[in-house]
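One structure below.
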Amino acid sequence: MKHRANGIDLFRIFAATMVVAIHTFPFQSIAPFLDEVITLTVFRVAVPFFFMITGYFLLGRLSLNFSYNNNQRVKKYLYKIGMIYLYSILLYFPLSLLNGTISLKMNILLLLKVFIFDGTFYHLWYFPASIIGTILVTLLLRSIGFKLTVAFSTCLYLVGLGGDSWYGITNQVPLLNKLYTFIFSWSDYTRSGVFFTPVFLCLGIFAYRVSKKLTASKILNLLFYVFIIGMTFESIFLHRFTNVKHDSMYLLLPSCALILFLMLLNWQPKLKVKESADLTLLVYILHPLVIVIVHSISKYIPILKNSLLNFLLVVVCSFILAQLLLNLKRKLRVSKQKIPFERASKEISASAIHHNINEIRKIIPKNTNIMGVVKANAYGCGMVEVAYELEKIGISFFCVATIEEAIALRKSGNQGDILILGYTHPNRINDIKKYNLIQSIVSEEHGKVLNLKKIPIRCHLQVDTGMHRLGVTPNVTIIQQMYLFSNLKIEGIYSHLGSSDSLEQESIARTNTQIFLFNNILSDLEQMGISYGYTHIQSSYGILNYPELSFDFVRIGILCYGFLSDYNSPTKIPIDLQPIVKVKASLITERIVEAGEYVGYGLGAKVEKRTRIGVVSIGYADGIPRALSNAKLTLEFKGQSIKQIGNICMDMMLVDLSEVEDISLNDELIVLPNISKIADEEQTITNELLSRLGSRLGTELN
């Protein structure tokens, strides 16, 4: 899919230049009429264009899904614009005092009027207008939906239009005259966040909604010319025959702005401007300051009083100043490159994740989707990093064990569905709703209590088909009752296979019984006319040993991370896996220990000869089993094996460097080079060994 922002980004430069023109009147010395028809008419599309950008990139997604992340994006935007407005107020405070926009003698109501509607300097109205408009449209979208929001915003624009370019006409109507007298007691202009901004935010939202269907069209070009010519004649008529209060709003301006924006979405210029959003924002903020400076200089250099030359100089200087500030920002900014973890870390391979998912997709039916199981910090590998990589390759459904994990994943920016597999106390129901999570109903009582909270939440129904851990009784009457609860939006039903990891006859019999029972429940629900939603019963071993099953989802955990749980248990379907994680730690010091000396805690390790000992910055608090102490663990460095000696400490371990070449302090060693082998030797499964990896380990995604 082509990138829709290229044309938008480049036009930001033109739009910023138009704004400068509006404030400098470039044709005044040559042909003032051109300022009327070009600067104060055609160039008026510039500010609506910027508001439409906000509607498109910020509110478009929100209009379709009021998710936690989309709401957070709006809150962050409002905070950002608020801070920019505050800094801009401080920057222009001396000039605001000089031109009388603000005064220390003003009363509170007048100051509020200036700060909330007019702006403390003539161009700063944009920021409070953006804040007010965004808040207003967000509230309207949430309460009345997109179509009515567009209708309401259009009505507001028409009211504003009557107090702007059409004021000379509306002012003749007594009732309207009283209305605008009241409005102007609160704001100098109707060009504000109440009357002006909302309609253009809505047009940006509309453009977002139709962008995927949008194709290049000559009709768009024709419509733009028709509307821009029509708006020009509208402007000429109003300026010639009426008393225009202001000329920011025209009847045909929304149509011109919308058609222009749709054309720009189709425009894919080869020229790309880096950081165009930041660059044009700085130009917008700084250009009045440049205007003041150029005006002051023009007193001594008369040629600069030529309006066109004045305009060009202001434009060039504004862009140069903005670019210099961006360059300074880059130098002052802390490097985005990750600081190497000096102690210990996990290196996660994105390519290995992609490989494993591709191998899994070869096994499962084409109509079956993958749920990424990222509970227990993605089996110790890093929940946020793994989920981020899975999202990139099309996985949009995730499973966690607890609500705390679910909230952390959502706060990381994850946009997918998040299913909580475990029990969540009903008192946390507000959090389930707030973060748009999907809660498993793990028992009849759990479902009843959640429903009594009278807060609608998304759910999956977990059925106990024979594992006897969590799940409602496999009684179709009880299950039917759950589906009828008014506050539980049950979107799926699932179970968990207790013995799918084994091909022994008793395990196969148990698994087949569970599958049979689950299918019968689905069949009975279907006969009852209940739409039971998504279905899933297989986890990693369920797809390897029962590949013939076909449900809506499979829950993939250990296979995603490149391991089998137990390499001694054969599977019906082989799979080529690549481990995604390497555990690394630094060599932080070394010393020579004489023969006969003990090393580490206790008397378990006594060197028989003069030995070079190193200290590696990782221990059992980081998930390295203490049971591996004293030569049971082998580390690696550049293909060389390094034996661990002595008892593994909480934060460190000792290694024998006697036979190791070319190793220096702060070099990184691979601590668990063969996780599956270690799990086998410790008589456990790789799931346990991985999930032990501690939170102190940093995570590097490569």
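Sequential numbering from 1, following the chain as shown.
Each Cβ is built from the backbone N, Cα and C atoms, and glycine gets one as well.
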Hey, in Swiss-Prot do Leu112 and Ser307 share a topological domain, i.e. the same side of the membrane?
yes
To the nearest Å, how far is the Cα of Tyr601 (active site, proton acceptor) from the Cα of Met650 (substrate binding site)?
11
Tell me, please, if the transmembrane segment (249-269) and the transmembrane segment (277-297) are in contact, taking contact as 3+ Cβ pairs under 8 Å between residues separated by 6 or more positions?
no
Sequence gap of 6 or more, C-beta under 8 Å: which same-chain residues meet both conditions with respect to Lys375 (active site, proton acceptor)?
Met383, Cys399, Val400, Ala401, Thr402, Glu405, Leu421, Gly557
For the transmembrane segment (277-297), the candidate among 13-33, 78-98, 192-212, 219-239 having the most Cβ pairs under 8 Å is 13-33
May I ask which of the stretches 13-33, 78-98, 192-212 has the most CB pairs under 8 A with the transmembrane segment (40-60)?
192-212
Restricting to the chain of Met650 (substrate binding site) and a gap of 6 or more, list residues whose Cβ falls under 8 Å of its Cβ, or answer none.
Gly619, Tyr620, Ala621
